[in-house]
Structures are given as structure tokens and as C-alpha cells.
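Under the heading transmembrane segment, TrEMBL lists 6-23, 43-67, 103-126, 132-151, 158-177, 246-267, 279-299, 311-336, 357-381, 393-419.
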Amino acid sequence: MADELGHLLVFGFLFNLGVYMVAPAMTDVTMDALCPGQDECSLAIYLTGLQQAITGLGALVATPIVGNLSDKYGRKALLLLPATASILPLACNRTKAFFYAYYITRMVTAMVAEGSMHCLSLAYVADKVPPSRRAAAFGVFSGVCLAGFVAGTVAARFLAVAAVVAAAAAVYMRAFVKETDGGASLLRAAAGDEENSSSHPLCVPSCSSSSSQDVAPPTLPPLRKALSLSDMADLLTTSSTFSRDALVIFFYSLGETGLQTAILYFLKVQFQYSKNQYANLLLVIGIAGSLSQLVMMPILAPKLGEQKLLIIALLGGCVHVPYLGASFVIVSILVNPSIRSIVSKRAGPFEQGMVQGCLTGISSTANVISPIVFSPLTAWFLSETAPFNFRGFSLACAGFAMVCYIVEHVIDMVCFVWITCI
């Protein structure tokens, strides 16, 4: 199991290395192509928001379907789709025609590549790791992916090899990552543990009062049957716990995407940030987040539990001051592995792909809505026509969106205390 997960971690590192080698340069490339020689470019902000919205809309449709299909056809077979779709060289040419060609191609491929890889990989981990250790395993995988993000940021000057790294990730995954059994081995191990405990010599007869004819051990269907889209809708509407978890990841993704939409252009206008300064900020965030998930998540998750850890992480996520706020990513980065571990524990065999795909689809819904809200808001408050002088207003709104879940809990507690006192 360790070897199989190790190969998945290598694939995750290479995949993110190739993807994020181009991230620090994109703002400069966009502004040089669309508004050369200018420090402010509303068109670049709107196009970035449009790309995020269309990518999120495509991922909203694609990721639940891909995750659902992986429950039937296997994780590895579907992982090839985002792995190959991410092989795309950066548009180093700064002409408008070349930029728009790259812009459209990247937007189309990102619909499949961005969300599917993460949700399929988490479903793969869930098939291999028992529920008691799943939160730590999710954190380790996310930490390795962030390490790939850090390495990609450091290697941003070698843009020409980004497509080569992405191709290497696809080849490595195809050659070394083995297919899972959908969690069947975990069920067999759990059934074996129950059988051993019931036959233990210290166990009184009442411990095993049910005979083997009365209670059959858990079995899996002979063939993997993909759940329908109506089953996904029922999961959202009939399960109050899953609906609540979905709201958490929706509002967190809404604020996180709003931050990503606004922060780089805010820093460009307010502080005249260059490409190197962007890279430094991304490095601070990536290193802190990677260490947090690799070190803190395995320690804190067993002691605090995912629910308490989730609330602490959401509080840290609402702080967005450059460099100072970046240090809070040590806490806020734990939101995703915490919520995905909570949902994963409630899903059964051959459902991990579906639930992880649904969560990614919900996150993609927020990615569609967020740029529509935050792109005009950012451009407005960075322009001379702003209603009041608060250029970071969109950042403050993004932070509030992340903490809506906690505000809801506080309101519920206040109302409960007030009604009790009356």
C-alpha cells in the first residue's frame, strides 16, 4: 500500500510542478499582451475572471461525471484524462493573437484538468487508507501537491520545460500507479477484524450471539455500478450533513477564488508588485501550506478531530494581508483535507469518486460565481470611480465569505442562548 500511495504522491508532485510553473508569469504575460506599459488593466482583470468562471462551469459539469465514472471504470483509467489534458506550453509570445489562442486553449483544457485530478486522487487515497487515518493521508497528499506548487514557482524561469514535466507526470502515472479495488480490501480487513474479535477466547457468548446464518459479512457488488445523476441530487437534498458540508466548501471556495481573482491585481496597482515579488508571495504561501499539511495535519487531526480543525482553519482563512496573512495559510490550508475527510468517512465503497466529484463540482460552482462578483468589484475599487477609498474592499469581502460558516454557527448559538433565557 505504501508503495502504491508513494507512486501517487510522485504523480501529484509532478502534475502540480508542471501546472504551476506558469502561474507567476501569467499576470505579467496577460498585462503585457493586453495593456503594454500600463500598471492598471481592467480588461486583464475581466478576462482572468472570465477564464475562472468558464473553467469553473466546465468543472462543475465534468468533475461529478468523471468521479462517478471512476467508481465504475477505476481511478487510474480516469486519471489519465486530466494528466494528458494538462500538457500545454505557455504562450511566451506577448502578441494579442498568440495570447488569445493560448487563453482559449488553456481555458478548455482546464475544465477537465483542474478539478478532476484532485478529486480522483483523493478517491484513490480513500480506497487505500482506512477512515481512522484518512484525514492525515488527505493532508499528506495535499501537502505534496503544494510542494509541487512551490517547486513550480521556484522553477518559473524555466517555462519551456513546463509541458515536458506535465508529459512526464502522465507517463509516470500510466507506468507506476496501480488500479484500486474500490475499497474492497478495506471492507475485507474490517470484516476480518470483526470475525477475529467475535471469536476471541475472552469474548462471552453474547458477543457472538448472531450466527453466521443470521448476519452475513459485508459484501460488494460483483460489478461496479455507476450511480446516476439523480442519485447525486438525492445525496445533496436528502442528507442534511452532506448539505451542510457542501455549504462549507461552497463559501470557502467562493472566498478563496475571490481572493485569487483580486490579490495579484491589487498588489500590482497598490504596491507595483513585479513578477519576482509575486513569486516570493506565492513561495511563502506554498511553503507554509505544504509544511502545515505534511506535519501539522497528521498531528492535529487525531487529537482535535476534523470538525474542530475545520472551524480553526476557517478562522485563519479570513485573514488576507500580504505576507502577514500568508502566514495564516498554515491554518487555513487545512480546510479542504478536513472537509473532504469528513465527507469521505460517510461514503461507502464505490462512492468515493462520486462524493469527491460532487464536492469538486460544488467548489467549481463557487468558482463560476466568484469572478462574476469579485472581478467587477476589484476593477471598480481599483479605479478612480470607486465610491470610497478602500482598494482592498474586495479582499475584505472574500475573507468574509470564507468565514460565513462560522458566523452562521455564532448566530445559531446567540439565538439559542436568547431563547433559553427568555
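Here the Cβ of each residue, glycine as well, is placed from N, Cα and C on the backbone.
Residues 4, 7-8, 10-11, 14-15, 17-19, 21-22, 25, 76, 79-80, 83-84, 86-90, 92, 124, 152 of the same chain, all 6+ positions outside the transmembrane segment (158-177), place their C-beta atoms under 8 angstroms from a C-beta of that stretch. Within its own chain, the transmembrane segment (279-299) is flanked in space by residues 23-24, 135-136, 138-140, 142-144, 146-147, 149-150, 153-154, 156, 267, 273, 322-323, 326-327, 329-331, 333-334, 337, which lie at least six positions past its ends and keep a Cβ under 8 Å from the stretch. The transmembrane segment (43-67) makes no contact with the transmembrane segment (132-151): fewer than 3 of their CB pairs lie within 8 A, with pairs spaced 6 or more apart in sequence. A Cβ distance under 8 Å defines the sequence-distant neighbours of the transmembrane segment (132-151), meaning residues of its chain 6+ beyond its ends; these are 5, 8-9, 12-17, 20, 23, 118, 121-122, 125-126, 282-283, 286-287, 289-294, 296-298, 301-302, 306, 309, 333-334, 336-338, 340-341, 344-345.
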